Structure formats: structure tokens, C-alpha cells
Ligand code: KG4
Ligand code: ZN
């Protein structure tokens with residue numbers, strides 16, 4: 001083992017995934033254990049914070065052991081411990097933070113606090129070296145943001161949602177369509193079998209800024225479904241899914257391409273759970289190829305789009321190099337921004 005290699009043990013527990021990874025030099029994922037709790041939350045139609053915290057407590061130690069075992073590293077090989085400290089559910093964050101602090105203290109390792117959203121962007125660094133300036137489209141269950149970066153660790157939010165996040169709109173529309181939570185993946189699959197026949201509004205698409213709004217679209221879908229029920233009319237589910245998805249994609253792609261043009265970026269990173277969306281990935285690729293072929297599109301593979309600790313390890317490497325360490329007073333910041 002070369003002395004210069006940096007091995008980071010990273011912990012992510014901000015929502016409903018308990019995850020521990022070992023990442024070498026911010027790029028090589030030696031292990032990335034993800035314990036999902038989704039089956040426990042499905043029947044409630046969303047994440048129940050108390051249930052999530054309890055699961056994290058039950059899972060975290062085993063995830064650490066498995067991550068170390070799978071990566072075949074010894075504690076002496078580790079350079080630092082990284083942990084998500086926000087944004088997220090306070091109880092969930094605290095479990096990861098407590099585990100990270102204990103591990104770091106017991107093994108005399110530096111502790112690196114990581115912003116969950118920075119982690120989503122840095123998932124791209126596991127695929128390709130980031131080049132600046134770049135634009136990141138961050139689309140998850142809680143966030144929809146366009147983030148401009150001119151160097152590592154420097155984030156400028158140029159646009160964000162004024163109401164619902166893209167993933168949240170998917171999950172709420174999924175509920176009225178009778179799908180199980182989270183419904184983004186299923187709507188994506190249904191959408192590919194239907195066509196945009198309902199023509200829902202494209203929120204703020206023409207407006208001269210990079211903010212988003214999805215609550216008008218969500219209300220249009222919900223109203224249509226409720227009215228149809230009252231009149232006993234049949235709706236076509238695959239067309240509903242396709243029409244909703246087309247509206248979301250039109251707005252996301254239009255604003256993202258405009259932002260890439262105006263900021264003259266070298267790369268476009270797509271990050272967060274909704275980055276798994278096949279329709280979004282395809283359309284962004286098509287439009288970039290046509291309009292801005294010089295911009296390189298980086299979309300992480302599906303397993304790195306959702307919440308995972310490898311992305312936290314990738315973001316932590318930048319902090320490690322800047323020696324941005326925390327003491328043992330590190331606390332959860334549920335509303336942390338970039
Ligand atoms: O980033 P993430 O795993 O958790 C948060 O930090 O929020 O994102 C979860 C969100 C959920 O809203 C889920 O419905 C959505 O990502 N999602 C998708 C797809 N797969 C997951 N949305 C659209 N299309 C997909 N294929
Ligand atoms: Zn996330």
C-alpha cells in the first residue's frame with residue numbers, strides 16, 4: 001500500500017438508507033453497503049422519522065463491519081471518518097454522526113462533516129474527474145437545484161424549487177395513481193408505455209430565471225384524477241404518467257440547458273434520486289448533443305444516484321485535502337444548505 005493513498009470510511013444516514021462505504025483517494029469505491037428501510041415505510045406512504053432512526057441504530061454497526069470486510073482494509077489503513085451532518089431528518093442524522101464520532105475517537109482518526117447535497121454532486125467524481133466550471137442539476141426527494149461550481153467544494157445555487165421538489169411531485173402524483181411509495185421509478189416505467197395526451201402545464205418554463213415550481217403540475221394531475229372519479233370517467237394511467245413526466249422533463253431540461261449555455265460550462269452533472277429517471281437522462285443527452293455538444297454529461301449509475309455513502313466519501317476527499325475537520329462537538333444540521 002502506498003503511503004499517499006487516502007482511505008476514507010464514510011457514513012450516510014440522513015433519511016431512510018443506512019450506508020457505509022470505504023473510498024480510496026476520492027475516486028475508488030472499495031465497498032458501498034446500503035441497507036434500505038423502504039419496506040418499513042411503504043405502508044405509511046412516506047418516511048416515518050422515528051421508524052427511520054430506529055432502523056439506523058439497528059443497522060449501523062453491521063454496515064460498518066461489512067464495509068470494512070468487503071473493502072479488505074484494516075482500521076490502521078484508514079485516513080479519516082466522514083459523515084453526512086445535513087440536510088436530512090435530525091434523528092437519522094444523529095445516528096450516523098454518533099457512530100462516526102465514536103469510531104473516529106476510538107481510532108484517533110480525523111472526523112469530516114459532509115453536506116448530503118455535495119455528496120450527491122460528488123457521486124459524479126466516482127465516474128469521471130470533475131472539470132470546472134460545471135453545472136449540476138440536483139434532483140431528489142427533497143431538493144431541486146441548479147448548482148454552479150467553479151472549483152472543488154465551491155457551490156453557487158443559481159436556481160431552486162419554490163415549492164415541491166421534483167421527487168416529491170413524483171411521489172405525490174404516485175399516491176393519487178395508487179402506486180406505492182416512492183413512486184418515481186414506477187411512474188418512469190409507466191411513462192414509457194404512454195403518451196403525453198393530457199398536456200399538463202410547464203411551471204415557470206418561460207420565466208427568465210432558474211427557479212422551478214412543481215406544485216401547479218401536481219395540483220393539475222390531482223384535480224384531473226379527482227374530477228374523473230366524481231364523474232366516473234376512466235383515465236389512462238400510462239398516459240397520465242407520460243404526461244406528468246413530460247412536463248417535469250420539459251422544465252428541467254429547458255432550464256438546465258439554458259443555464260449551461262449562459263454559464264458556459266464544461267460539464268453537466270445530474271445528481272440525486274430523480275437522476276435515475278430514464279426519460280430525463282435520455283432527453284438531456286439528446287438536447288446536449290444537439291445544442292451544446294462541447295458540454296460533457298455525467299450521470300452516475302443508478303446505484304450511485306440514490307442515497308449512498310460512497311458519494312459522501314468522494315465529497316469528503318476534497319474536505320480532507322483542505323483539512324476541514326470537525327471536533328467532537330459536531331451536531332446534525334437538518335436544514336443545512338450548500
Ligand atoms: O436522493 P434520494 O434517494 O433521496 C433524497 O435525498 O431525497 O431521492 C429519492 C427520490 C424519490 O422521490 C423517488 O421517487 C425519486 O427519487 N426517484 C425517481 C426515480 N427513482 C427514484 N424519480 C423519477 N424517476 C425515477 N426513475
Ligand atoms: Zn439524497
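Even glycines carry a Cβ here, placed using N, Cα and C.
Annotated features, as they stand in TrEMBL:
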- 29-313: domain 'Gcp-like' (DOMAIN)
- 116, 120, 307: Fe cation binding site (BINDING)
- 138, 139, 140, 141, 142, 171, 184, 188, 277: substrate binding site (BINDING)
Other same-chain residues whose Cβ falls within 8 Å of the Cβ centroid of 116, 120, 307, the recorded Fe cation site, in sequence order: 12, 14, 15, 84, 117, 119, 140, 272, 308, 311, 312
Among 140, 277, the most crowded of the binding-site residues [Cβ within 10 Å]: 277
Largest tally of Cβ atoms lying within 10 Å of a Cβ, found at which of the binding-site residues 142, 184: 184
Binding-site residues: 116, 120 - member with fewest neighbouring CB atoms within 10 Å: 116
Spatially closest candidate among 140, 142, 277, the listed binding-site residues, to residue 307 (Fe cation binding site) (Cα to Cα): 140
Residue 138 (substrate binding site) CB neighbourhood, other CB atoms within 10 A: 26
Cα-to-Cα gap, residue 140 (substrate binding site) vs residue 120 (Fe cation binding site), nearest whole Å: 9
Binding-site residues close to ligand 2 - of 138, 142, 184, 277, only those whose C-beta is under 6 Å away: none
Rounded inter-Cα distance in Å - residue 116 (Fe cation binding site), residue 277 (substrate binding site): 20
Average pLDDT across the domain 'Gcp-like' (29-313), rounded to a whole number: 95
Packing count at residue 307 (Fe cation binding site) (other Cβ atoms within 10 Å of its Cβ): 26
Separation of alpha carbons, residue 120 (Fe cation binding site) and residue 138 (substrate binding site) (Å): 8
Secondary structure of residue 138 (substrate binding site) (DSSP, helix/strand/coil): strand
